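Undergrad: Take a look at what TrEMBL says about it:
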- 38-57: DNA-binding region (DNA_BIND)
- 15-75: domain 'HTH tetR-type' (DOMAIN)
Amino acid sequence: MTAKRSGRQSANSAQQTRKQILCVAGELFVEKGFDRVSVREIADSAGVSHGLIRHHFGSKHQIWEQVCDRVLNDVLMQIKTILSELDPKLPANERYFSLISRFLATQLCDPRPMRLMVDAVRDNEMLFNYFQDAPADIEALFDSELRAVQAQGYLEGMKVKEMKWLICMFTDAPATLAPLLVDVYDTSLDKARVQHWMLACQLLANPLGISNDKIPRPATLEEVALPWSRCTPDDLCDET
């Protein structure tokens, strides 16, 4: 049995301890929800003392905020990466379709961030407000791309928050209603997620003027999603 860490630590050891705590806390928040996780449970799972967590973070809410900061930063980097890999000569409608469809695939490959957000929206107004206030850069990127599409004559009248809502709808359902998704498509969960993603793409393609031959038809979502590990919790543990 590993002894719990407590007391003073070197700077490097303290940094590693913080990452371990965030890693464990992220898993617990995803699995149980914020309100059903205690600081003592995080401490026991991370192999540290209750007092050490208080020393590094102060409260459970501050731990949650730091986990979510990493998630939101990862989402921002996803969007920037997708945009940077697009052909600059693409028309605005095709560019926007590629952005949304690839972003959806990436989110569907790892539903943990969406579970964090759903838990925040459902159970705790303070957590919901944090999610709403934090990602200004994310909304700005989506807004810029949407404006370019609307200047081309597509999605006129749509607001960026409406598109965010559609994204939430299509990423939340497979994360929270997986058995129903499997039943709908009568196949494995992985294949059902591909079918779900295809449905989202088809619904988005028509108002964007995207022809059927330009809609990807992958065998797996990994063929479309960004090929990197998510920040909750794996990157927290792997980062050096």
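Yeah, the Cβs are placed from backbone N, Cα and C, and that goes for glycine too.
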Undergrad: Could you pull the average pLDDT for the DNA-binding region (38-57)?
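TA: So the average pLDDT across the DNA-binding region (38-57) works out to 87.
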Undergrad: List the helix, strand and coil residue totals of the domain 'HTH tetR-type' (15-75) as derived from DSSP.
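TA: Residue counts in helix, strand and coil order: 53 helix, 1 strand, 7 coil.
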